[in-house]
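Just below is one structure, and these are the notes that go with it.
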Amino acid sequence: MLRVVVESARGLPKKKIGSPDPITSVLFKDEKKKTKQIDSELNPVWNEVLEFDLKGIGLDSSSYIDVIVKDYETLGKDKFLGSTKISLRDLASGQMRSLPSKNVPLVNASGQGIGATIDLVIGYDPPANAAPNLNDPEAGDSTVDAGGGGGEEGEETLPDGGLSGSAGVPSTPGQSVSLRKKMARAQNRHRLVNKPQDFQIRVRIIEARQLSGNNVKPVVKVNVCGQTHRTRIKRGNNPFFDEIFFYNVNMLPSDLFEKYISFRVYNSYSLRADSVMGEFKLDVGYVYDEPAHCVMRKWLLLNDPDDSSSGAKGYLKVSLFVVGAGDEPPAEQRDSCDDQDDIESNLLLPAVDDAFVQTMKELFGGDENKKNLVDPFLEARFAGKKLCTRIIEKNANPEWNQSLNLQVKFPSMCERVKLTVFDWDRLTGNDAIGTTYLNLAKIASSGGEIEANTGQSEVGFLPVFGPCYVNLYGSPREFTGLPDPYQDLNYGKGEGVAYRGRVLVELSTKLEGKADKTVDAIHSDDILVVQKYQRRRKYSLCAVFHSASMIHEPGEPIQFEVSIGNYGNKLDTTCKPLSSTTQYSCAVFDGNHYYYLPWVNTKPVVVVLSCWEDISHRLDSVNIILYIANRLLEGCSNLTSLDLQIKKLRESSLTSIKDGARRMREEATRIRETLPDLETWAEKLKQLADEPQNSMPDVIIWMLRGEKRVAYSRIPAHQVLHSTHSDQACGQHCGKTQTVFLQYPMDKNKGLKVPVQIRVNMWLGLAAHEKKFNAYTEGTFSVFAELYENQAEVFGSWGTTGLVGRHKFSDLTGKLKLKREYFLPPRGWEWEDEWFVDPERALLTEADAGHTEFMDEVFQNETRYPGGDWKPASEQYTDVNGEKSRNPAEFERPSGWVWEEEWTVDENRAVDDQGWEYGVTIPPDDKPRSWVPAEKVYHIHRRRRLVRRRTRAAVPAGGAVEKRDQGDVEGWEFSSLIGWKFHRKERSSDTFRRRRWRRKMAPEDRLGASAIFKLEGALGVDNDDKEKGSKDSTKLFGANTPTVSCTFDKSHMYHLRVYVYQAQNLASMDKDSFSDPYAHVSFLHVSQTTEKLRATLNPTWDQTLIFNDVEIFGDPQNVAQRPPEVVLEFYDNDQVGKDELLGRSVCTPLVKLHPGMDQTPKLLWYPILQKGELYMVPQGIRPVVQLTAVEILAWGLRNMEPFQLASVSSPSLVVECGGQRVESVVIKNMKKSPNFPSSVLFLKVLLPKEEMYTPPIVLKVIDHRPFGRKPVVGQCTITTLEQFRCDPYVITAEGAMSSKMAMMASPSKHLSINMEETRPLLEVQEKETVDWWSKFYASTGDHERCGPYRQKGYDTLKVYDCGLEDVPEFKGLTDFCCTFKLHRGKNENGDTDPSVVGELKGSFKVYPLSDDPGVAPPPRQFRELPESGPQECLVRIYVIRAIDLQPKDNNGRDKDLKISVYDYDLLSRDEKVGETVIDLENRFLSRYNSYCGLPQSYCISGINKWRDQLKPSAVLENLARLKGLSKPRTEDNGTSMVFNGQEYTLAQFENNKEIHEHLGPPRERLCLHVLRKQGLAPEHVETRALYSSFQPKIPQGGLQMWVDVFPKSIGPPGPPFDITPRKAKKYILRVVIWNTTDVTLDETSITGEHMSDIYVKGWMPGMEDNKQKTDVHYRSLDGDGNFNWRLIFDFEYLPAEQLCLVSKKEQFWSLDNTEFRIPPKLIVQIWDNDKFSLDDYLGTVELDLRNLVAPAKTPEKCSLKMMEDLETGAPLKSEQAKSLFAQQSVRGWWPCSIEQDGQKVLGGKVEMTLEIVGEAQVDEKPAGKGRDEPNMNPKLDPPNRPETSFFWFTNPCKTMKFILWRRFRCLFIGLILLTIVVLFLAILLYSLPNYISMKIVRPLQ
């Protein structure tokens, strides 16, 4: 039992009116329970206990409850307030009975806190005898049911390791994904920002077919992301649903793509647990990766979820859409032959035999620092199922030797097998040790990846893997009693930062048979086969650290650790100690912004020796492919089957690439055309280089500050692996210096801040090839043993007596006791010199290191008794912390420095006029903790700060560099406290000192750098420690290992110039919508900063940063090949607070080793990795500039949001470009007129000729407010001017105005509009057959619905599947003026995403000007502008229909037209589904005549009557005037015309068209035809997406509509169109049941006869409340039944759509009717009547009235084969498929089927007459139900049933005659005769004694 005590909540949000009525729901798995509601309370107290019956199943570690708090509503839906999810993992063990959850925060639907909390107590009583059932199938099912793949499966965010692809790109379902599809998938998903965002999953359930079972009532349940929807309950085996469900989620894309979409079909009759009829699952990511992110009208094959070996359980037709922000869902087209489509050819997946994946696992190696206290078991999860191995207790190297058989359908829609190793815990929840994935897409192939036909056999193969180790990565291995903050890494959520172990795995796929056991032991022979795959070889890894820079804070000393697997990890005690860490170094300031480690010419080296399997045959191929080479695998002993399959795949792919490259070289002519192919090949090679069987762990570099792990980097081993195969087979970074940016573990800022940048040279190779390392080395390698001698000062003398917690000789940390005499060199090494003192300069921290200017400070202290005089304190001079410091006179000038001033008192603080600050000492402290500037009598302590500034002296030209002070002659380092801070020279305050002793070692038997690989093991420790136990020495791994360094004898000085030109599109970080950007430029250990620019997002620095004398060690040729990278970090300068990082860019410099190099750097473009773009110009190459004119059309401002709570009332526009600025006039009153009074502005500016270097145009809107305030209320940056460039001497109508606006702009004169042509209206019968909808359907290609419209030759219109603005040829209707979105910077919430705060209507024209002032300027571009004042217009809005609206029930501004669609509710408030906004101003001003589309012909009557205000001739004349053309001339009575130099005739337009009576005069028709040639908007219907504020970027459906805009000043327009929807026609279906035959005899009479009491039932789907049935034909002995019975069904039918319209209440409590459109079908069933039990079902037939199966004329020809062709979707012959609506009446025999043992068998045959009667014919041909009056059409006589047909209970005589007599007449006759005989004998016996006695008495008588 699970008990949840809902106690109380606090801080619930208020409603707009009043307080909420909170109610709490608790959801556990599929069960939901509620508390009572509390009226009007923000801090409700419930104190209610909700109990959940667990039904004997214990909790598992993935169990959780959902707690949802809502505002209770009496009517309508409860309003959501907040929710939380609480894990029950701590209760799952059964030992912990209660889980108090106090102050649990509630979050909203977007996952953001609402400031409210809730208190709960969760109690758990585990079921009796409950044990940890690791293979519990319920656990797997529950995760799927609850979360659509739920639980841990759904939460996998980022895959880890080489097996699952790059981090952040989740996998897609289906293992047979081709390389092309995988590349497209990666590109698709790469466009998505990996942050929580809105998605909408749409699922349309269309219909099901061939569902199993008899007389079923199917219902479909769809589960997505924990949300479940169900369809309405239908009847029959082929139900039609046509329902759409919407699932709105806000989550990470990588999380969403791992979720499942689960379809389950249930039989609603059944209440048993086995009511599931079939199931299908697929990943959301699979749908997203399909074209247009959708799956359209596909059939799903349903399976039994409990028995995957069973056959198909039916088919379900669905459409699936995944809609992201900004996506437009495609229109779903219903084909006319959709109902007869072939299921098999339209399946989403092919139906393949069962498969089960078999995984074999052994030998899990070294875990954590718990020695053997780990109890591991492995869990495998796939497709919602999970299996676990046995638990092996207290063993870090378990051998399970078990196979896990996961039985699934194959191919599977799920792609990854998840393997997690857990540490079983008896008391608490199991701890995850590590997680990895086997990606089926990478270990299988369909063979479809190869485009070219190579002539070879197929390269496809089923999933196969191993035997091979897979590596586990997770959180760092520090073990503490506190919760691990990085625990999620162990579940595979994010990139693992530490090696956690490895598992030996084999996976195989079998397509036949079924496993006997899900978990089985592996045979010993199979275990022996695997042994050869476990052979280990020794590897050597060396890493030389060249530099570490870009450190942000100095902090504690830093060291680096390099590990591969467990080898080299300081926390691991199972491997020998290695020199895997660098020496500690303290960071030094670089003089500008960063810190670096001062290694100078002595570079630290780490050496790691490890043992791994030799998989060079795999990694060589990976490196060769990455090198784009041709050689592949060669024969090896440990090849797996996957190796061979991948070899074939790679060979085929490379062959196709080679052939394509050969063709390209021969045929290609333009470079631009070849780029897509080259990019595709590069992407394909990267895909081929992905090695799934990579058992060698990554090399992990850790940065440690003191003992704390700070940052890490993972480097794949193959990148630094040496190969003897070829140079190309070596890793790309093998033996080469590379730049590595370390990152923080689980960095929430996504790498925004870099902990450190290092340059490291790494080499990894087999120990057998160690000597090859010598060829890669630079410098001289030295190996030293080292220890530190420690002393403390006691009473003025140095000695060892004052060392507290330290040893006389120790390691660097001082914690490990060492003695020189006990040091032993490792095996193979010997001492070369004696011990000598060698100070470690990198650890000596001087405060002024790296600074060019420094401030020395000291505090002067005085004390007094209360009321006494001030006297010097006992410690007169201290530092800021009160520690003893030197007297100012003792401060010496360091060499190389110059005093700038004498000691002065710092008065620029909170002090009095003499610089003193005062305080009170409170015991036990001996100094005050706080200070005040005013003296009081109780103050007994005061101090003041003395400062003196010094600067570093400049070295004179040619002068010698002053030698740096080497410090103490004996090598001591001094410190005032025991810690890390040491300095060179002794000070009076020092109490501790130490010095480093070193001893050099040399190898015994080898020379060269490779000798360092013999360093394995420690140097020896003190004997005393050995006796006490080596606990400390093992804990402090590596403290006494030898140190290795690489010394460079020679360095080279380099000169670097960085020319920073400009940046674009930087992020807006300030509230004024701009940033104040500057850049830190870092190169190795030096950095510089650009100037700080004010208020710009597109800064132009045009600045050269010169780095003189940069010292770099190493061969200049190597530096030239791999130069250190220049890193630029961009910051926003803030006056208050810390500067904010805008982004980072990494650039590679061009290296010139001698001035004569003939190589000129080019202008380069680099992306900034956060936001924005950067232009860098090395060597100061500037673009060529030209004098340019920029004309600005500033039309007006729209939709301006308030700024600082005040509306924008008097704005003006500022335009900036290239350092020039122009401002518009001020709009006096935004409310009256939002347009600028003077619209055109002009700028002359010097702009670069090349477009890519052009600075942007910056638009600023300034509001003029009282008191002279002019805040920037919005800004916009236009980055490219290409679209606005024009030739000023070419006259075009671009940007002028529309023809109608031209007419309004011209001088006013009398206007006459004459529509004199009149024609008689259409006849009534034409109105009935042709309407506007006929025109619409004719335009969409729906010929069945348009009737005779097309034959009449009438116009059609253009139906756009998008808004008119989105049609490419109309260019967004922005030809007159564009709409620019205005943004504002960081908002009050601190959100840096810019928000849209208004719109600017305007445009630009950019053209060159002559430099010669004598040349006349070109004509202005913006001319003949319309009046900017308001215009009164008539707007007609035609709303046609809505598409795919999202359900909302439980189950304007001047220029903008806003159309909203609402969900109507009878009682509660209507809810908005979505809205669309149309910019009427753009339509009005556009030159495309979008205000009223042009029809195909000019009609003066009929349904296509001309509706514009101007005739075509007037529109054409205005267009000619705009373009500067002469008026069109017409000839031949208007049948010919000359326009723009071209002749047009009416015949060429109407030659093949039918001329009807509605057409107007020829001249107007010809003018219209010419207008349609000018690219104007045609008569159209546009499809506009609806958006809601809930998900502002995701369409909530579509609206088909159009808008006409008519200015009233021109005159009245034509009549509007009549677009009233078509109404359904009423029809009557009359079904006469004549006879049945061959009906199953279901019962046996008392006399032993087989018989049935037959009756027939019928109904139309959707109208189940009108079921009708015949009378009963009793006692049918031969299966024949006679009825002569009429069934009558009324229904409403839409002939054009061929669907029935059903309007009814869904539930009896529903307030209004719901409309359904369902196909017209008839279901007829045969039943056996039972009086005292339920009737027996005998068979059914389902007939589609649109596609009627032709009946058989005789019962002998009637069989089930008639129906089979229809069900399988095979093409039907024309004579078979006939519509009953066309035939009117049909009679014959149809078969009825029943399902037995999964097969359909004949249940009987029924003879029927089906007749369709229209509403008008009902009175002419009346007929009654059954045989009631009026009994005619046809007249039904009583059935001629045999005498044997009767009901025994009501006919006893017939029962005697036909049942008893016929069956038992012989028995009856025998009984009668027997009775007579018995009577005769009885009488005889009765009378015989009397007769005998009489004879005796009277013998003679």
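Placement of Cβ uses the backbone N, Cα and C atoms for every residue, glycine included.
Keep in mind that TrEMBL annotations are predicted by a computer and have not been checked by a curator.
Listed features, source TrEMBL:
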- 1-101: domain 'C2' (DOMAIN)
- 129-181: region 'Disordered' (REGION)
- 182-300: domain 'C2' (DOMAIN)
- 329-454: domain 'C2' (DOMAIN)
- 865-891: region 'Disordered' (REGION)
- 881-891: compositional bias 'Basic and acidic residues' (COMPBIAS)
- 1038-1166: domain 'C2' (DOMAIN)
- 1170-1295: domain 'C2' (DOMAIN)
- 1611-1759: domain 'C2' (DOMAIN)
- 1819-1839: region 'Disordered' (REGION)
- 1819-1830: compositional bias 'Basic and acidic residues' (COMPBIAS)
- 1867-1888: transmembrane segment (TRANSMEM)
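Assigned with DSSP, the residues of the domain 'C2' (1170-1295) fall into helix, strand and coil as follows: 12 helix, 56 strand, 58 coil. Under 8 Å from some Cβ of the compositional bias 'Basic and acidic residues' (1819-1830) lie the Cβ atoms of residues 1630, 1668, 1670-1671, 1684-1688, 1813, 1836, 1838, all in the same chain and six or more residues away from its ends. Put simply, of 1-101, 182-300, 1038-1166, 1170-1295, the stretch with the most CB pairs closer than 8 A to the domain 'C2' (1611-1759) is 182-300. Secondary structure of the domain 'C2' (182-300) per DSSP, as helix, strand and coil residue counts: 22 helix, 59 strand, 38 coil. Broken down by DSSP into helix, strand and coil, the region 'Disordered' (865-891) contains 3 helix, 9 strand, 15 coil.
Summarised as a single figure, the pLDDT of the domain 'C2' (1038-1166) averages 83.
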